[in-house]
Structure formats: C-alpha cells, structure tokens
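Colleague: I have a structure here, written as structure tokens, and I will follow up with some questions on it.
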C-alpha cells in the first residue's frame, strides 16, 4: 500500500517484527542446537572436562546416563536435597532464583498469551503490543482502530487512489462518543484497553510478591535447618573490628569477654599486619609453579630418551631432614640425568646470561625462601584492631554477633559472623575500619564513573547500528541493506544483540576486580558487591541508555532535555523487539554454549603450545570456580526486562520463560558436575536477589503509571499508586523483619538440631570445611605435603 501518512498501511515485510523475530529465533536455535549436539558428543569423549567433579573422592555425585539425551531427564529428576548437598547452600539459592523465575513467568506468560495479546490485537491491531505511549491526536485515535482502517480502505476515496482529506470525511467523524471519555483524566476513545492494563499490573505485581515471599520463606527455613545442623569452626566464630589498643592482645581480649560472661571462648586470633609474610608466600608460590613446570619438562625428556626418572625421595618439603644439608648436597643428581634437565638463562628476563639447570636454580630459590618464611614466623607484627573469636557454642556466636557489646572506640566495637577461614582476604584485614570506609566509598565512586563513561560507547553503538544513521552516513550501504531483506533483518536483530552480548560478557570481570579492591574481608562479600555493581551497569547501559540512544533523535533530545520523559515513554515500546531478540540469543543460543566451555577447551590447546602437556592437562582437569558475581546479574536483568515489558509487549514473557528453563538446566549441571563454588555466603545472596526483583517491579509500575499519564488517563495512574506504595512497603518489611533470618540462625533451630547427632550431610565435603583462623604463613598443617606434584608426567 502506498498510503502511510498515519503509519497504518505500511505493509513492507522488512518492517514486520515477526519476520525479524523468526530470523533471530532460527539463528539462535541453530547456534544452540549445534552446541547441544557437540556437548552430547564431547561429554562422552572428555568426561574429565565436562564432569570434572565426578573425579573428586568423597563427593558422591548422582550418576547421569551415558546416552546422548537420557542424561537430561536424569538431571531434571535430581531432587533439591541432593542439589543442596552437592552444590552447596549458595548454589541451591542460585538455582532457586531460576525456579522462582520459571514459576512467575509461567503465570505471566499464560496471562499474556491468553488475555493481553488478544486485547492488544483487538484495541491496537497489534498482538505484540508495539504501542505508542504518548498522547496522539484525535485523528490518530480514529485511524488506529482496526474497524476504521477497514472502512477507509473500502471507501471510494482510498480505492480511487486519492489522497485522504479529513475535511471530506467531515469534522463530525472525529467527535468522540460516550460519556466516560468526556470526563477529564479517564481514557479517551480507543483506549479502553488501559483499564485492563491497570488490572493486569495488579495481577502481575501481586503474584511476583507472592512467589518472592514464598521463596524467601522456603530459603529461610532451609537455611536455618541446614546451618543449625553444622558444628564447624566457622559457625562458632565471630569477627570483631574496632578494637582499641588495650584490647589488641590475646590475654586482654579474652579477659574482656570473660568479664562480659557471654560464653566460653574456644580460641582467639588477633589480626596482625603480615604484609612481609605475604610477599614471601607470593615468591614461594611463584617458585613452586616454576619448579613444577620444569620438573614436568624433565619427566617428559626422560620419557623421550628412555631414562628412568629420579625416585620420589627428591620431593621437596621444608620439614624434611634433607633440607638440613647444604643446597649443593640436596640438589646433587646423577650425571645421566643432566641431559634431561631443562636449562634457562637468569639475566634480563631470561634473555642473557649463562645457561644453568632450571630445576637446581628454582630448588635453591625455594629452599632459600622457605628458610626466610621460617624465620619470619618469629617476627613481631603490629596489630590491626581486628580479631577472630571462636566460642565453644554456636548459639553464643549468634548472640554475640547480634549484640551491641561496647563503644570502646569512636565507631564502637563491630561484631559480625566470621567468614570461612579459607575465604578470608587476609590482606584486607591489615587496614583499619576508617581506611576501609573511605576505600569502599572511593571504589563506589569509581564504579559510578565507569558506568557513566561506558554509556558513551554503548550509546554510540546503539546509534550507528541504526538503519537511519547508516542511510545518513553511508547512503549506498543503507540502500543495499534496504534492498536485501535478510541483511536488513540481521542489522535489526542479530547484530545489535551480538554486540551487546559481548559487552555483557566482558563487564562482570571488571566489576569483580573493582569489588576485590574495596577492602572487603572475604571473597563471598566481594561476590555480592560484584552482583550489585554489574546489575547497576546493565540497568543503566543496556536499559536506560539503549532505550534513549536507540534512536537518531538523540541529538534533538540533547538540545531539548525537557522532552526527556515524553521521549523515553515513546521509545520504550519500540525497543521491545531488541530486548526480545536479546533474550532469544542469550537463552536459546548462548546458554547451550556454556556447556561446551569453549574458553577452557581453547585455552587447553593454546597452553599445550607453551607449557608441558602434564601442566596443561592438570589445568584442564581442574573444575572452574563458579562466581555468582559473573553469572547472576544477567538473569536478574532479564527478569527486569520481562517485568517492564510484561504488559506492553507480552510476547517477551514467553521467551523469558524459555530463557529461565534453559538457564536452570545449564546451571544445575554446571553447579553439580562442572564447577566449584568456594565462597561461603550461606545463602545471604537471596537478599540481593529479593531487593533487585522489588526494584524491577517498581520500574514496571512506574512505567505503567507513565503510560496512563501520557495517554491523559490520570485517574488510572493514581489507581496504580497504592500498588507502588504496597510494593515499597514490602521491601521495607523484608529489610526490617525477614532479612535477619537470612543472616543469622535462630536459637530454636540450634537447640533443636544440635541436640541430635550431626547428620552425614553436615559432614559432607560441601559443608565447606574452613580450617583454622590462622594466616597461611603460620599454618603448619600443609608443611608435610609435597611442594610439587611429581606424578604429573
């Protein structure tokens, strides 16, 4: 059709969202299906890569079928208690978020497909809900009706090819009929669907709050029961900071707590500034890795030449009697092995100097640094005003952590439950509380600046991959893209989502590093802070900025900032296609690729070119670390998108449901069979998830209130306001009443469960045995272990 003055007769198939969606879906499906096929094949070929945790003794992981597809059903049928035992409490909470998302999106998708989409089709002529939020002219109300469109097309004026003349139709045709529409603040003619939008805003919001609070209760009960059965050192230990100088000694601090009569103390560890010890340990670790590398080369050379290797008595350990002899006696080896020993140059990065035996060189270095560490243990290190106190009772630790003990310093004594000993960032215990306070705010400011600065490349990409911009900057390329429907569809769907997927994949590592610089006491805290930073980055750059910058009108917007609200309200529904394409690519295309572990597989072949085969294989067989700071923000952001578009464009709910189903299966397999989660946050991650979901619900409600206001339906906007208040109050209630149960363990559960014998579950490997609260430089428990693994040949 030629007539498009009101945008209602445009039949260009290249501008059909469903056509673009089909292209994106089939591209993502091809990518995901190929990844699934390769995984099913590689899983049988390289079991040590795709299920490395099955080789660890004592885990007792459930066995999956060896067939190509039956393993998927076995994975689905693994019960929650087994998942909790195998993946840990944090892994269980992570998967529960996906289960909650599946439950919510199933309900919302049902509403969207059965009710909202037909409503959009009837009132707007578009089932996908690509509506304009701003208030159109009355003539646009008229022409937006499907019945009026049909009558105009059949009219002789249009049939004869004449231009449409409003005057010919008569001004009376545009007078709205009806009493309610004449009342200021109520929907205008053609906007009756807004009443249903308000109703479904209530339905979706209330159901989201229901699944959030029901999941919170489930997690709280499981967490209380799970932790109450434990009797580990971690569960009986508190971390205290802000100690004055007179309490920075073991005797005085113990006497102080004995005077308070809060409970019997089992052990006490004063934190000191062990910076010098950390330097020595870092050097020792470097020498051990070098020695392991060259020993592997030596074993490989011996195998090639058919020479027997040295006996296991040449393992190096600082406590062995051999170290009492001189380095020359220790490093003496039979002459026939000299030709197998690798040689290195020690001057100027290994470029100049005489070649010497690498094993002898680094063995001497290791011996020397071990002696330095032994001597450094007798040094007197300054205290840092912090300490770990382990009580004999878990209940005592829980009470002390929730009690205001004293105000000995300006900020008072601060007591909290201690992280696991193997999760502590010891170098952050060297700095005082004021230093941590200012350092934390400085990193927060840096994060804020990075998020804002990142809007420049994100906004530029959003503009330059727009067809209007391409036509203006490169007319020939723009015409070529217009003439090729498939290329046009790729530009509108696959290319933008692929580019932004790369941004989404890179940013988590930056924000995890920033969190590590914040001075936090444990890696678990760093993970939680990384989740918040990355989520804020995704919200600002991939929601707000893309909605604004995804139009060539951004330059006009910069000149007239007063039109920001009107422009944002108009742009939001028009970006629904991009977000649907993003969810399709991430869920159907990218999630299956995670199972293949292309990064680990490619790094293995690259490492084999530079390091011995044994070292590459050892890295290849080691389970990767599962980081919630990297994997959690994106699903929370996808849930935010689904919430905001749940009523405007309900089709997004269907693909959001697919995203969460595939993500649940992928992460369930990874947490049980592929990855370790060494952090120990004991399920406190749920508080972060809960508040971000409330934030998404508030954004959705504000969007719907803006829709009503910009359509001049002010009364309907005020109807949504009580729901907004109820949602905010729910978040406040969570923070004041429920959040404590996500941080502490109730005395009732402790008394009930610890009166019985500890179950085997609490003795499992997944209970995250923490060791003792001693700096690694003073921990003698690992001294008898060989420094290098000579069995890797």
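Backbone N, Cα and C atoms are what each Cβ position is placed from, and that goes for glycine too.
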Colleague: Determine from Swiss-Prot whether residue 523 and residue 20 lie on identical sides of the membrane.
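Modeller: Membrane side for residue 20 and residue 523, as annotated in Swiss-Prot: different.
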Colleague: From the ranges 473-493, 494-514, 557-577, pick the one that Swiss-Prot records as transmembrane segment.
Modeller: 494-514
Colleague: Look up transmembrane segment in Swiss-Prot and report which of 1-21, 22-42 it refers to.
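Modeller: Within the set 1-21, 22-42, Swiss-Prot attaches transmembrane segment to 22-42.
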Colleague: Under Swiss-Prot, which of the candidate ranges 382-402, 403-423, 424-444, 445-465 is annotated transmembrane segment?
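Modeller: Going through 382-402, 403-423, 424-444, 445-465 one by one, Swiss-Prot gives transmembrane segment for 445-465.
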Colleague: Quick one: sort out which of 54-74, 75-95, 96-116 is the transmembrane segment according to Swiss-Prot.
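Modeller: Of the candidate stretches, Swiss-Prot labels 96-116 as transmembrane segment.
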Colleague: Which of these ranges is annotated transmembrane segment in Swiss-Prot: 172-192, 193-213, 214-234?
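Modeller: That would be 193-213, the stretch labelled transmembrane segment in Swiss-Prot.
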Colleague: Of the ranges 605-625, 626-646, 647-667, which one does Swiss-Prot flag as transmembrane segment?
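Modeller: When 605-625, 626-646, 647-667 are checked in Swiss-Prot, transmembrane segment belongs to 647-667.
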Colleague: Could you tell me whether the transmembrane segment (647-667) and the transmembrane segment (96-116) have 3+ CB pairs under 8 A, leaving out pairs under 6 positions apart?
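Modeller: In contact, yes.
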Colleague: State the residues, same chain only, that lie 6 or more residues beyond the ends of the transmembrane segment (22-42) and have a CB under 8 A from a CB inside it; answer 'none' if no residue qualifies.
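Modeller: Same-chain contacts beyond the flanks: 49-50, 68-69, 71, 486, 489-490, 493-494, 497, 580-581, 584-585, 587-593, 595-596, 662.
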Colleague: Out of 193-213, 647-667, 688-708, 714-734, which stretch has the largest tally of CB pairs under 8 angstroms to the transmembrane segment (578-598)?
Modeller: 647-667
Colleague: Please give the sequence-distant neighbours of the topological domain 'Lumenal' (668-687): residues at least 6 beyond its ends with Cβ less than 8 Å from one of its Cβ atoms.
Modeller: 50-54, 61-62, 64, 75, 78, 83, 86-97, 215-216, 219, 222-223, 227, 234, 419-420, 422-423, 522-525, 527-528, 531, 594-595, 597, 623-626, 628, 632, 734, 739, 742-743, 768, 770
Colleague: Averaged over the topological domain 'Cytoplasmic' (515-534), what pLDDT does the predicted model reach?
Modeller: 90
Colleague: Looking only at residues six or more beyond either end of the topological domain 'Cytoplasmic' (515-534), which have a C-beta under 8 A from one in the stretch?
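Modeller: Answer is 90, 239, 419-420, 423-425, 428-429, 431, 435-436, 439-440, 443-444, 447, 507-508, 627-630, 632-633, 636, 678-681, 684-685, 688.
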Colleague: In the same chain, who gets a Cβ under 8 Å from the transmembrane segment (193-213) while lying at least 6 residues past its ends?
Modeller: 100, 103-104, 107-108, 111, 115-116, 119-120, 122-124, 187, 643, 646-647, 690, 693-694, 697, 700-701, 704, 707-708, 711, 713, 716, 719-720, 723, 727, 730
